[in-house]
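Notes follow once the structure below has been shown.
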C-alpha cells in the first residue's frame, strides 16, 4: 500500500511539472480569457448608435424623440435631411430615420452608415407602430381601453411532454433547454477529458516502457499495484482539472452572462439535482473506462512514439460517440437508442437522450450499470494485459498481442 | 543467501533456460557468463519474479522468494533507463523509495555516493544534461543506495571505461564486504575473473560451467605454460606432449597434453640455468569461455 502511494505521488508530481499537463490545465482559463476578450471587444466596438429623426410631422417627431430607448441615442439638433446627410458624411451620426406622413399613411426609411454602429431597429419599429396606432385610434375616436382590447393578442403557450412507459411526463420547456445545454456541455467535456487523459496515461506508461525504466519499476513494485497507482494518480490530475474547469465555468457564467445571450437563458436554480448526479456519473465512469483501457494500450507498445497509433482506435470511438450525441439531439432512432446503452459510446449519447426526455431515469440508470460492469471487466482484462506485456518488446502487431494467450 | 533450484523456462519452441541451479551466499559474488541469448537476462527476470518459471523455484534465506522480498533487491537492468526530465536527486530518491528507503535517508546518503562514483554534476542537475557515463553512474547509485542484500547487475561493466569500471568494482566489493549476495552478468572475462567468487556459464540456456571460479580453472588442469627462455618455438614444439606454441609477449604460450609435460618443458628450458619466466597455469577463463561457447554440450 505504501508503494502504491509512492507511485501515485510520482505520477502526480511528474505531470504537474510537465508542460503538456499545464497547458491542459490552463485551457479553461485561456478559454475564459478568450471569451472575456471577445465580449469586451464586442461591447467596446458596438456602442449605442447615434441617430437623428426627421419628419414632416412635428408632433410625430417630438413624440419619437421623447421616447427614450437604450438601443439608440437621438441627436435632437439634427432636424433636417440636409443636416442629417452632412452629419452622416462626417461620421457624427450612425444613421437617420426619415418619417413621412401622407394622409393616414406613415412610412419610415432608416439610412445608415455601413461602417457605423449597427442599430437594432426592433424597438424603434415598435415605438413607431404604437404611435401610429394611437394616432389612428384618436382619428377613429377610440378610447384607450378599446384600443387595449383591440390589440390584446390571443394567449399562446408551448408545452412539451414526453412519455415514459405510456405515462405522460410533463417538462417545462425552459427546463428541457437547460438540461440539453448541460448535457451538451458535459458531452463536450467528456470528449475533451477522455481524449486528453487517455493519451496522457498511455504516453506515461509507454515512455516508461520505452525508456526501460519499467524493468526497475516492475521489479520494485508489483505491476498490478503500479497499474492502479498510476490510474489513481491520473484521477487526481483529472480531479484537479475538473475543479479548475468548474471554477472557471462558474466565474465565466457570473461575469459573462450579461454579454452572452445563451448564458442569460440559463437559470441555475432550474437545474435538477438528480439530473446533475446522472450527468456526473456518466462523466466519471466514461472517463474511467477510457483511462483504464488507454493505460493498458500504452503497455502494449514498445516505444513512446507508437502511442498515438495504439490509442487511436479509442479516440476514434470517442469521437464517433461525441458525433452521435449531436444526432441524438434531434432523433431517437433504434441505433441511437442502442448506442445509449453500449459502453464506450453510451457516456456521450445517454446524457443527451436523457436530457431531452427521450430516455427515462430508469434507462439512464441501466446504462450506468452496464457501464460500471464494463469497467470492472475492462479493469480485470487490462491489468492482465499490463502485467503480461509491460516487459514485452517484441514487434508483434498490437492487436495480436492483446489476444495472445500466453507469454 | 539466494538459492536457485532447477529453473526451466521456454518461449514457444525455444528453451531459454533449462535446469538451472546455483547458490549465492551472503558476501559472495557470482559471475554469470554467456553469449547473447544464453539466458542471462531470463535468469535474472525469473529470480526477480518478472517472469514465471515453467518449473523450478527461487529461495531467499530458505523461504521462497516473493514480492515481499523485493525491498532487499538492487537491480540494474541491461537496458538502462532513467527519467530524463528529473533531477539526479529526484531520480535516486524515487527509485530508493520504491525499494522502501525513506526520501530523507536517501538525500542524506546521496552526496557520499556521488563522490564515491565520481559523478560529475550536481544533485539538482537534470538527468538529460549529464553525460552518458554519468547517467550510468546515477543509475548505479539508484540501484545500490538502499544497500540491498541481493544485488543483481545485468552487464554492469558494458560501456564503462577502465577507470569507471574499477570504481564499480570497488562498489561491488564494498557491498560484498557488507554481506550482500551479488550476481552480475558480463561477457568480459577480465571483470568476472577479477571479482567473482563463483561462476556460472550458460550456453543456449544450458549450464555448461558452475562452481567456484578457481576450482573451475583448476579442473581443466595446469595445461598452459607461459615461458620466456632461450628455447625457440620449434624447440618447444619438439618436446613430447606440447600441443601448440603461440607467441605471447616476449615469450611463448604452450598448450600441453597433460600437466606432467610441464616438468619436461621446465627441464629443457632451464638446462643452462636462469630463465625469465616459467608459469604453469590452468587455462584462463577467457579461453575456457571460448572453448565452451564453441563446443556443443552434448
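Just so you know, glycine gets a Cβ as well, placed from its N, Cα and C.
TrEMBL lists A:22-382 with the feature domain 'ABC-2 type transporter transmembrane'.
The transmembrane segment annotation in TrEMBL covers A:21-41 (among others).
Taken from TrEMBL, the feature transmembrane segment covers A:181-202 (among others). Among residues of the same chain six or more beyond the transmembrane segment (A:181-202), those with a C-beta under 8 A of the stretch's C-beta atoms are 15, 20-21, 24, 230-231, 234, 237-238, 241, 245, 262, 266, 271, 275-276, 279, 282-283, 286-287, 290-291, 293-295, 297-298, 307-308, 310-311, 314-315, 318-319, 321-322, 325, 329, 347-348, 351-352, 354-356.
TrEMBL lists A:234-255 (among others) with the feature transmembrane segment. Here the transmembrane segment (A:234-255) has long-range neighbours at 8, 11-12, 15-16, 21, 24-25, 28-29, 31-32, 35-36, 189, 193, 197, 200-201, 204, 263, 266, 268, 287-288, 291, 295, meaning same-chain residues at least 6 beyond its ends whose C-beta is under 8 angstroms from one of its own.
The feature transmembrane segment is assigned by TrEMBL to A:275-298 (among others).
Residues annotated as transmembrane segment in TrEMBL: A:310-328 (among others).
Cβ atoms under 8 Å from those of the transmembrane segment (A:334-352) belong to residues 180, 183-184, 186-187, 190-191, 278-279, 282-283, 285-287, 289-290, 317-318, 320-322, 324-325, 327-328, 359, 363-364, 366-367, 370-371, 374-375 of the same chain, restricted to positions at least 6 beyond its ends. Among the features that TrEMBL reports, transmembrane segment is placed at A:334-352 (among others).
The annotation transmembrane segment is assigned in TrEMBL to A:364-383 (among others). Note on the transmembrane segment (A:364-383): residues 223-224, 227-228, 278, 281-282, 285-286, 288-289, 292-293, 295-296, 340-344, 346-347, 350-351, 354 of its chain, located 6 or more positions outside it, place their CB under 8 angstroms from a CB of the stretch.
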Intrachain neighbours beyond the transmembrane segment (A:275-298), with Cβ under 8 angstroms and 6 or more residues off its ends: 179, 182-183, 186, 189-190, 193-194, 197-199, 201-206, 209, 227, 230-231, 234-235, 238, 307, 310-311, 314, 318, 343-344, 346-348, 350-351, 354-355, 361, 364-365, 368, 371-372, 374-375, 378-379, 381-383, 385-386, 398
